[in-house]
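Engineer: So that we are looking at the same thing, I have put the structure below in structure tokens.
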Amino acid sequence: MNAPSSSSRQIVWPSVITVISAAILIGAEVFGAAFAGGWALAILFGLGDQGAHILQAVLFALGVLVMTAFIRAAQRVEPFTKRG
């Protein structure tokens, strides 16, 4: 086996835990709002159950995009690795 190089990276666990914790909290809010919003909009516009499910799926997909953007931005602020 080769010895580790001097430029090896180490995981910064406090940053990883902070970002994951924030993602869980924000994800619960985003996806909860997607499901509730889809249901409310379907009732408002009289779309029925199938319309509600379609709206919820669309809003859920938007939520995935929001969470992906959040994780990427959070990694820039709280780097997950550092040079050893």
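Each Cβ is built from the backbone N, Cα and C atoms, and glycine gets one as well.
Small disclaimer: the values here were computed from a predicted structure and weren't measured.
If you look up TrEMBL, you'll see 12-42, 54-74 marked as transmembrane segment.
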Engineer: Grab the same-chain neighbours of the transmembrane segment (54-74) for me: Cβ-Cβ under 8 Å, and only residues 6 or more beyond its ends, written as numbers and ranges.
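Structural biologist: Contacts of the transmembrane segment (54-74) (Cβ under 8 Å, skipping residues fewer than 6 from its ends): 19, 22-23, 26-27, 30-31, 33-35, 37-39, 41-42, 47.
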Engineer: Hey, which bits of the same chain come close to the transmembrane segment (12-42), Cβ under 8 Å, at least six residues off its ends?
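Structural biologist: Distal contacts: 48-49, 51-60, 62-63, 66-67, 70-71, 74-75, 78-82.
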